[in-house]
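Okay, so here's the structure we're looking at.
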Amino acid sequence: MILHFTKMHGAGNDFVVIDLVSQRARLRSRDIRKLADRHFGVGCDQVLVVEPPENPDVDFRYRIYNADGSEVSQCGNGARCFARFVRERRLTSKRVLRVETSAGELELRMIDKQQVEVAMGVPHLAPAEVPIEADSQQALYPLVIDDQTLDVGAVSMGNPHAILRVDDVDTAPVATLGPRIEAHSSFPERANAGFMQVVADNHIRLRVFERGVGETLACGSGACAAVVHGIRQGWLSDTVTVELPGGKLSIRWPGDGEQVLMTGPTAVVYEGSIKI
Ligand SMILES: N[C@@H](CCC[C@H](N)C(=O)O)C(=O)O
């Protein structure tokens, strides 16, 4: 089967985007892994699939697969690329889109040709909703890894995030601690591990070791989770610039019970076809 795809990225978090509204295919987990493989396939952090919605009140169904083939519920950088993709493929002419994901609905708003704002939903903090194994909700959860105890925040943006504050992201042990946090027994569904340096109350630097991928150049939901954690800890104001290795995102969160708004760039790299 020949599959047409578009390679995109949002602040360096890269995607293979597939339109299953106008082409027919059944993607198995091994097809996703092949598409995402940087040596034997196209190469990307996530494969994004555009499908017709199940609910007629929304515009599209947005499906997300990590490079390891697992299907997940949230990808913020991907959501921005999704909005640009469906407009440029002329699947819609709307500037504001409602899409369904397995975690609920998202609203995507084109600001200009490249910038998109995503209403990422209300963050979830209750342990069962992250999910994290704990008897009660805590601001910081102690994670024991070998002989050290790390105090991490835990936030779900529709996907699980652990956030560790560090003095300097450049020297943070992302490659060694990232996989240990991702697979820690406290996180029954594994977790994305964010390493956050607070530069000022409106500016953080962030590196994320993503579940099912490894360290990426940016993680939109990770940026939202880090800002929510930082605001709740009293370190950050309600609007924060998040500087990631691949670019910058602007995150706004008015507070408990409110949606997190994320604004950032999108880019089309190339289009192609692959036999799968
Ligand atoms: N890159 C993403 C997050 C993708 C999913 C994540 N790896 C998970 O497993 O939850 C983003 O921009 O949010």
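In case you wondered, yes, glycine gets a Cβ from its N, Cα and C as well.
Since the structure is predicted, the reported quantities are computational estimates derived from the model, not experimental observations.
The feature active site is assigned by TrEMBL to CYS75. Listed in sequence order, GLN46, LEU48, ILE64, ASN159, GLY220, SER221 are the same-chain residues at least 6 apart in sequence whose CB falls under 8 Å from the CB of CYS75 (active site).
Positions annotated as active site, proton donor by TrEMBL: CYS75.
Taking all protein chains in view, 35 other C-beta atoms sit within 10 angstroms of the C-beta of CYS219 (active site, proton acceptor). The active site, proton acceptor feature in TrEMBL is assigned to CYS219.
Mapped onto three states, the DSSP output places ARG211 (substrate binding site) in coil. According to TrEMBL, the feature substrate binding site maps to ASN13, GLN46, ASN66, GLY76, ASN77, ASN159, ASN192, GLU210, ARG211, GLY220, SER221.
Under the DSSP three-state reduction, TYR270 (site 'Important for dimerization') is assigned to strand. The number of other Cβ atoms within 10 Å of the Cβ belonging to TYR270 (site 'Important for dimerization'), over all protein chains shown, comes to 9. The site 'Important for dimerization' annotation in TrEMBL covers TYR270.
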If you count the other Cβ atoms within 10 Å of each Cβ, which of the binding-site residues ASN13, ASN66, SER221 comes out on top?
SER221
Among CYS75, ASN77, ARG211, CYS219, SER221, TYR270, which recorded positions lie by ligand 1, judged by Cβ under 6 Å to any atom?
CYS75, ASN77, ARG211, CYS219, SER221
Candidates ASN77, ASN192: member of the binding-site residues with the richest Cβ shell (10 Å)
ASN77
Could you list the residues of the same chain, at least six apart in sequence, whose Cβ is under 8 A from the Cβ of ARG211 (substrate binding site)?
ASN66, SER70, VAL72, ASN159, PRO160, GLU182, ARG190, ALA191, ASN192
Find the longest CA to CA distance in the recorded substrate-binding set ASN13, GLN46, ASN66, GLY76, ASN77, ASN159, ASN192, GLU210, ARG211, GLY220, SER221; express it in Å as a whole number.
16
Tell me, by DSSP, whether CYS75 (active site) is helix, strand or coil?
coil
